[in-house]
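Novice: Shown below is the structure under consideration.
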Amino acid sequence: MKLIKQIGLIVFLIGLLAFTSLIFIGKFNVTSEIFNSTIKNKGIKSEWFINSLKTKIVDKEFTGTFKLSSEITTSVETANKIHRKNKEWDKVIWDKPHSLSYQFIKAAGIGSIPENKGLYWFLTFGLGVIGALMFIVPNVIILGPPGIKNDGIFLEAATNRGWIGWFAFIFLVGFYILLYFYPDLIVNWVYLVDPISESLSGNSASQWFLYGFLYCTVMTVMAIRMYIKYRHNKYQILRTTSVLFFQIVFAFLIPEILVRFEKPWYDFKNAFPLDYDFFFKWNLEELLSSGTFGLFILVWGIVLTIVVVPVMVYFFGKRWYCSWVCGCGGLAETLGDPYRQLSSKTLLSWRVERIVIHSVLIFALVMTGFALYTFFSGASEVLGIKTQTIQDIYGFLIGSIFAGVIGTGFYPIFGNRVWCRFGCPLAAYLGFVQRFKSRFRITTNGGQCISCGNCSTYCEMGIDVRAYAQKGENIIRSSCVGCGVCSAVCPRGVLKLENGPEEGRINPTDILLGNDVDLMELVNKK
Amino acid sequence: MEQIVIIGNGISGVTAARHIRKNSNKKITLVSAETKYFFSRTALMYVYMGHMKFEHTQPYENWFWKKNNIELKQGYVGKINTDDKILELTNGTSITYNKLIIATGSKPNKFGWPGQDLDGVMGMYHKQDLEKLEKYAPNNKACNRAVIVGGGLIGIELAEMLRSRDIPVTFLVREDSFWNGVLPAQESEMINKHIKEHHIDLRLSTNLKEIKSDENGRVRSVIIEETGEEIFCNLVGLTAGVTPNIDFLKDSKIDIKRGVLVNRFLETNVEGIYAIGDCAEQHEAIGQRRNIEAVWYTGRMMGEALAQTICNKKTEYNPGHWFNSAKFLDIEYQTYGWVFSERNKKENEAYFQWQHPTENKCITISFDKNTNQFLGINTFGIRMRHEIFDSWLTQEKSIEHVLEYLADANFDPEFYKLHEAEIVAKFNLENNANIQLKKKSWTRIFTKA
């Protein structure tokens, strides 16, 4: 069994190495045909750009994307500099340089990789998945009888901020930076999933399709790990199945199939304000121009946010969303599970958390207000601030850096819910409802608590669960996503997630169960 | 200002300190030789197993003590001068007090086995024991085998710890079944089986004769009394219970027996000196409890009660219904009320038992065979709601009532398989009864009795 694991690890690393090395290889040739059609598609009017770039790249063979990318992006920048100086605004290229570069390069791949997508898919995704499963599945036997098995988590470099953790951190952060800001450097990855994308939506893949596919693959493999680790715990198994289902069907398949039927790409479970661009002008216009179906999406999106979310939180706590439905939560619960113990539980981080997450919520609401104002009024500014500027700042800071680079990249160092804890505006909104008007709580068998700290250690949201459990107090916290792991790891059966009557769910305790105090005296004292 | 000195920063001492601070602004000093900051002793095992780091076992962040104005002193108390109210530490310094709380806890039992003080022989109680364990048994190369002597809760925890690092373990248990002085046979047998499933070499009805040393004074092997067999090992864990840690009081004026003798107000014979926790011994047992109870929560409760007394609200230590819990490898155990093992069963006590056909789940409900009054329940692999059983015990409900409303008491995580129907069916069959299981009701669960 251990041998299978070791071979699996090697196979996985080969797959990972193959995947990574794709960034550096491949041949590209921007033919004049590709060049002209891209220029035309993008409506580029800058002669300077067209002429200078033509001599540099057209009909030349490049190895790897770096040189080609830098030729294109420097040409964009130089051209723009000239046009801005000459105030030739119609000639300025407004596309982001690396997005434009992506358009050229994606079409220009030649040679082995674009011709053998299946083979390269197998060498990267295939080996990765096979290796990971060989590494994970033997745990059924190695872990012994079902039960909580966290042996060695704090002794291993991967799960205790050791060198493997730091390596994973750098790799993930690097991946997100490439994905969000340098898509033109990862076109070889995108080629791998072209056939899948074509079979789903009829279009060739974008970097976002790649990300969606990778997301689902990683979640599926790591969900299998969850199933094995928590196989004694039905709550964990159902929850994992649920997030996996919503990710694959709602976030991945349905939107792609909608595109096939020429409907707008839409993820029906993604509620505003997590779906922060829902009220942006371009989205509203797209929905309004897509007939009845677009209107349906528009109405659903609003109903989801203002009716479904609070009603569901009232009955089930925010867990119905955060750990049963949400894609970000889904990744955190599967890929992130090995890192959950790394989230900080200090009072300081709790303070920071409350300030930051509520600021993001306010930022999102203000931005949406701006967006709606400009949509209805037709003006592009509110109080002298450009709506577009606000949207760009939010998209960059929150949508890309926080949700992506930090949110997932930081898993191996800061725990798996960095984004959900500190950044997610929807989590803040759900949290308000959960804190003030919900039937959800974690009930505690306080007398039985031995203050061991397993619950707090394994709380991914950084809640000091023990502080409540050892007082016998129900846990009503806005940040709790109801993952149920505190209850699972408790060696004394102290904690239970419950949707009970709302009345009495907050129960400050004076004296813990077991000490038989004189009740009359206690009553008279109050 | 009144100076309160507490010897020992375990759960009892710390709880006392916290509650005194809640109710007063007296000067509080906590003295400990073991660690600077309070930690959960019961969680030490998880540090070795790599589930947690030591700092995770500390319920309060390090700034907590200064913020709450509780002074921490590291040192070992050598002598107490009760006449002048002075504590003398072994490092030569001394502390004066107005009121003194002795909360020094326990130390592992040693029964005079030859070789019991060799290098590599240890208990599993103090933080220092954990450090020793890392020294003598960091992995299965440095420690080819460990032998554990004593079949109680600490013994099985130590076995689990060592197994988490793949160290072969031989577990010597004096009784003919694990912990059967406490557990009914059904439960005890289930645990025996579970221990073996975890590849622990469980030897029942086996006593230790002696521990042999190598030329460096380190453990080499143990000899078994019954068979004379020699088991080679690098570590011996002595886990045959604990005794109060009160040697330093032997020459003082404080009355001691096995522990520090206290009354129901936790006062010793010397005015202004109190004892709480594992080291306190009641003159007379409270209910069916033992005079000395080395349990986490009783330490906490004594701390709470004494803090009231010290803050001028004289409060008796009055533990409620007995309860406890433990975890045997993967099997959780909870108990409410009294279930005595066959060996110690009272004359009026009868069992109703249920066991899952395949999984490690079972319950024993003990009841009075004359009145059918519910006396207590042991559950294995099923969690129960403490408050419900506490109120049923107070109201002296019948076993029929308990079974009828058993669904209210279930505390397992959501979606877990429920077994109440099977349990009630078995009772009906055995007793020719016709109990109908009531559906779980939130109103009943949350209405305080």
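Every residue, even glycine, has its Cβ placed from backbone N, Cα and C.
Copied straight from TrEMBL:
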type	residues	note
DOMAIN	A:440-468	domain '4Fe-4S ferredoxin-type'
DOMAIN	A:471-500	domain '4Fe-4S ferredoxin-type'
TRANSMEM	A:7-26	transmembrane segment
TRANSMEM	A:119-142	transmembrane segment
TRANSMEM	A:163-182	transmembrane segment
TRANSMEM	A:208-228	transmembrane segment
TRANSMEM	A:240-259	transmembrane segment
TRANSMEM	A:293-316	transmembrane segment
TRANSMEM	A:355-373	transmembrane segment
TRANSMEM	A:393-414	transmembrane segment
Novice: Can you find at least 3 Cβ pairs under 8 Å between the transmembrane segment (A:240-259) and the transmembrane segment (A:208-228), where each pair is 6 or more residues apart in sequence?
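Specialist: Judged by the Cβ rule, the two regions touch, with the required three close pairs present.
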Novice: How about long-range neighbours of the transmembrane segment (A:119-142): same chain, 6 or more residues beyond its ends, C-beta under 8 Å?
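Specialist: Long-range Cβ neighbours of the transmembrane segment (A:119-142): 1-2, 4-5, 7-16, 18-19, 22, 112-113, 188-189, 191-193, 195, 217, 221, 224-225, 228-229, 231.
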Novice: Of the listed stretches A:7-26, A:208-228, A:393-414, which one has the most C-beta pairs under 8 A with the transmembrane segment (A:163-182)?
Specialist: A:393-414
Novice: Kindly report the helix/strand/coil residue split of the domain '4Fe-4S ferredoxin-type' (A:440-468) according to DSSP, in that order.
Specialist: 11 helix, 5 strand, 13 coil
Novice: Can you count helix, strand and coil residues in the domain '4Fe-4S ferredoxin-type' (A:471-500) using DSSP?
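Specialist: Helix/strand/coil tally for the domain '4Fe-4S ferredoxin-type' (A:471-500): 5 helix, 6 strand, 19 coil.
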